[in-house]
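Worksheet: one structure, shown below.
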């Protein structure tokens, strides 16, 4: 069985609710496994990290977990280097427009302002597993550099005790300072607490499996690090009408299924004809493009859906409830339809904007909130690595004019003896 078609309305809760709840899994069981690993790395440092690296990554741990990028000279295919440089340039140019201005305003004669200051040290997690992700290194490091972060390290699992030159090249092009060859919960713990050989970071970003996510959530809850949004399985929701190309829509669904067996791929449409054609194209593509076929088939079977609503308005209502990581809008009036979007990690407009463009080269960030977190989180960006510091310079005249209000408020809160007095003595 491939992808299923459902004719639905917004009140069909038995069909829609399980999809809306998708990967909001209870992390408690994973946290129970992760906590002792994290605490062990905290207490025993490199020694514990070596044991877990050999156990979970099934490699002989490297002699040194840390690679200083300035000392490395990776050898990669010129075409790969050109692509990485181009992607980095586009990412940098897009994220430059996110750099906020420090601002001032005068209120009642007082100067008030906002000062943006960077986090001092950041680790960017680049997943291991079934694929290599030099693009994630670019996506994590470049916004941090633009924000002014001075100390940036990559944390990623070793492959056969070392790292591919492609990952090292990406780190060098992006401007990272070092690479920490450690993955999973143990790697997150190492860069959070620091070890004998690994510097600690104040903030950790980047996608990973449920153990990485659980470690980030646990350490954040302990106040050890700050994190970006907790990551779940990759997902795409496509809203399309009969102007969309069914083969292209099918390809975009399968590009998400290619990430993993738990990836989510959903089409919402008002056209039963398009739905049927997309289903046929998905089945055809699974035969014609067999690479990672078992993974794609399981993803599509378990987490792939085609919903046929009576109109596009219902498609957008459902999408905003779902709050997808990636939202594609392949409709006749896609620019107008963008205004209907309330919750999404990143939006891809028109027939010529597949998610893969944002994954690699267009310049938007691919580190995005998943599992409905787009309702409250944004994509990774420059602001992720900045703190907003407010300041004020109060005049003597303002003290005199505003003290009566301070007196009333401090008395109401029962704090006039010291709060009120600190203003009163300055009149």
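From the backbone N, Cα and C atoms, a Cβ is placed for every residue, glycine too.
Note that the structure is predicted; figures quoted are calculated from it, not measured.
What Swiss-Prot says about this one:
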BINDING   125, 186, 209  NAD(+) binding site
BINDING   234, 256, 259, 326, 359, 413, 419  substrate binding site
BINDING   256, 259, 359, 419  Zn(2+) binding site
ACT_SITE  325  active site, proton acceptor
ACT_SITE  326  active site, proton acceptor
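Sequence features annotated in Swiss-Prot and their locations in the structure.
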residue: 125; record: NAD(+) binding site; Cβ contacts under 8 Å, 6 or more apart: 140, 154, 155, 156, 187, 188, 204, 205, 206, 207, 208, 212
residue: 186; record: NAD(+) binding site; Cβ contacts under 8 Å, 6 or more apart: 37, 38, 41, 48, 49, 52, 53, 56
residue: 234; record: substrate binding site; Cβ contacts under 8 Å, 6 or more apart: 256, 259, 260, 263, 264, 325, 326, 370
residue: 359; record: substrate binding site; Cβ contacts under 8 Å, 6 or more apart: 135, 366
residue: 413; record: substrate binding site; Cβ contacts under 8 Å, 6 or more apart: 419
Mapped DSSP class for residue 234 (substrate binding site), helix or strand or coil: coil
Number of other Cβ atoms within 10 Å of the Cβ of residue 259 (substrate binding site) across all protein chains: 23
For residue 326 (substrate binding site), the three-state class that DSSP assigns: strand
Entry from the binding-site residues list 209, 256 having the most other CB atoms no farther than 10 A: 256
Sparsest Cβ surroundings (other CB atoms within 10 Å) among the binding-site residues 326, 419: 419
DSSP three-state assignment (helix, strand or coil) for residue 256 (substrate binding site): helix
Secondary-structure category, per DSSP, in which residue 186 (NAD(+) binding site) falls: helix
Cβ-centroid neighbours of NAD(+) site 125, 186, 209, 8 Å, sequence order: 127, 155, 157, 183, 184, 185, 187, 188, 208, 211, 212, 215
Cβ neighbour count within 10 Å of residue 325 (active site, proton acceptor): 30
